[in-house]
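Below is one structure, written out as structure tokens, with a few remarks after it.
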Amino acid sequence: MSLLQRVTSFESLSPERFSPERGVSPAGSRDRKLSFSPLPESWVPPALEESSQAIGAFEVPKAKRILQVLTAVIYCLFAAGIVFGYAAIKPVLIREQVYRHLCTRDELEKAVRTCYDQEIHLNLMFTVAAVGTNVAALPIGAILDSLGPRICGIIGSFLLAFGAVMFAFAKQFPFDGFIPGYLFLALGGPFVFISSFQLSNTFPKHSGLILALLTGAFDSSSAVFLIYRIIYQWTEEHFTPKKFFLVYLIVPALILLVQVLYMPKASYKTVGELVRQMEEADSNDYDDQVDEHTALLRDECRQRRQSVVSEITSLLGSKSGGKQVKQEERKNAISGVWGAMHGKTVSQQILSPWFFLIALFTVIQMTRINFFVATIRPQYEYFLSSYDAAVEVNTFFDVALPVGGILSIPFIGMVLDNTSTAFVLSALVTIASVIGVLGVLPYQWAAYANICLFVLYRPFYYTAVSDYSAKVFGFRTFGTVYGLIICLAGLFNFSQSGLDALLHRVFGGNPVPVNLILLGCALVSGVSLCVFVGVKAYTMRRDGLEEEAEDAREVVMPGFQNPERL
């Protein structure tokens, strides 16, 4: 999960959006346009008419926009991040003896619940899916920008369908169909999820609520496998994975249907683009070459412009979007590091300590998170010396994971908007350290406390990383820089197979050494990041004060020329 999480829809209000390099001049300084066009006003080149240009929300009926948002929330709930419910479906796969044929004769005779090779392959299935989800961040953004959200949604529906079919018939294939099947399910989720972000611009005044609903749907989607496991146990194991995934094909079929019928072909315009559209409408003049025909044309165009301005004003709540601009400026000032690497080239940003430290911290933390999700049951079976107690802990985790994601959403927004980036990173490192300590204590209360903290920390961590990337590197290079961070973290997750080998072969199932190694690495990288950001924030604040002092005008005190009067 990583890709939305807190990329605000007001990105276009950033000053760099209006920079000369982008080819767009600020309002008031743009070149004067010709006042009369020799072509009919309604004529649009066919090539442009067919392109997937961004559309204003005011051009789409309100009821249709509401339907689009509700539909996106529903299908994200069933498809966006179902693979992260791996801890819930893993017991079902074990009961169905998936990869059981890899066990040795000696292990089978001992009737072990899972053998080493079986455990490794099951966890590898989740690892590959997690890696695929994160690596997909790079191409999905490009596809969305060039082909639009509808094509992204359609691609996602086909990937989900293909993954479900492969998983359903995995045992019938002459090759291992479970890993590629789970991978395609993982790839389909981001396509339908990321393409839904732009729907926050359907109602700009409520964009935060829409993003929260989409994020909550993503976090809750992990409960799909939990619900299936409950049904599997209730039907006394008759509702097999094959039956479930064949029924699940209804989800990608419905996603495909709604994409074709009424979901937007092109992305909605952001607040900044709507404001710029109003400015351009206000700047158009038709005062030259006035005759009877052009006078009528001018009146018609003026009425059309006034209608557009009125619609946009109603949509934004103000003509200039000034409220949103002030809110963003306030949050940027609070962060303390906003704009630190804005205007730099991608290579300069990637080679800087700003990138290296956050990438290192993200790589380690994502590995810790996915390792815990994949091994929670064997870890607590060792700690509590009871299989039944480990099952209870695992069940609690399956329920808490989606619930925690939903509960944390409003608090995450409050923390990120009202505290500095240095404070946020310090909180991340502190909470991660507490989780690490709880993760090595062999007590039941520590297990439940660890899970409660973990399910709240996970969305906070992912959101904070994207928020850091946006504030430090800027939106012009956000897709490349943030995508590379997540991509590197995803690729490094292949090290989880090595961690599994350490856990089962080297340490005999004792998770304490592995957890301590991960905790130590996270602590070193996290403290280094916090110290660097704290120092830079102090330096930037001091430099800002010095610049303000240099730019301040001298004020002559009364009586300066006649000291006798004082």
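Cβ coordinates come from backbone N, Cα and C, glycine included.
Since the structure is predicted, the reported quantities are computational estimates derived from the model, not experimental observations.
Copied from TrEMBL, the annotated features are:
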- 1-12: compositional bias 'Polar residues' (COMPBIAS)
- 1-33: region 'Disordered' (REGION)
- 69-89: transmembrane segment (TRANSMEM)
- 124-144: transmembrane segment (TRANSMEM)
- 151-173: transmembrane segment (TRANSMEM)
- 179-197: transmembrane segment (TRANSMEM)
- 209-232: transmembrane segment (TRANSMEM)
- 244-262: transmembrane segment (TRANSMEM)
- 354-376: transmembrane segment (TRANSMEM)
- 396-416: transmembrane segment (TRANSMEM)
- 423-441: transmembrane segment (TRANSMEM)
- 477-494: transmembrane segment (TRANSMEM)
- 514-535: transmembrane segment (TRANSMEM)
Recorded stretch that, among 151-173, 179-197, 354-376, 477-494, has the most CB pairs under 8 Å to the transmembrane segment (244-262): 151-173
Chain residues in Cβ proximity to the transmembrane segment (477-494) (below 8 Å; excluding those fewer than six residues from its ends, i.e. six or more beyond): 2-3, 7, 11, 127, 130-135, 137-138, 141-142, 346, 349-350, 355, 358-359, 362-363, 366-367, 370, 465-466, 469-470
Non-local residues, at least 6 beyond the ends, that sit with Cβ under 8 Å of the transmembrane segment (69-89): 1, 125-126, 129-130, 133, 156, 160, 182, 185-186, 188-190, 192-193, 196, 199, 202-203, 210, 213-214, 217-226, 228-229, 241, 251-252, 254-255, 258, 262-263, 373-374, 376-377, 394, 397-398, 401
Same-chain residues near the transmembrane segment (151-173), Cβ under 8 Å, at least 6 residues beyond its ends: 79, 98, 140, 143-144, 180-195, 241-242, 244-246, 248-249, 251-253, 255-256, 259-260, 263
Contact yes or no, the transmembrane segment (514-535) and the transmembrane segment (354-376), 3+ Cβ pairs under 8 Å, gap 6+: yes
Remote residues contacting the transmembrane segment (423-441) - C-beta distance under 8 A, at least 6 residues beyond either end: 365, 368, 372, 379, 383, 415-416, 447, 449-450, 453-454, 457, 460-461, 464, 467-468, 511-512, 515-516, 518-519, 522-523, 526-527, 529-530, 533
Cβ contacts under 8 Å made by the transmembrane segment (354-376) with residues that lie 6+ beyond its boundaries: 84, 86-87, 90, 123, 126-127, 130, 134, 340-341, 393-394, 397, 428, 432, 436, 439, 454, 458, 461, 465, 468-469, 472-473, 481, 484-486, 488-490, 492-493, 495-496, 499-500, 503, 511, 514, 518-519, 521-522, 525-526, 528-529, 532-533, 536
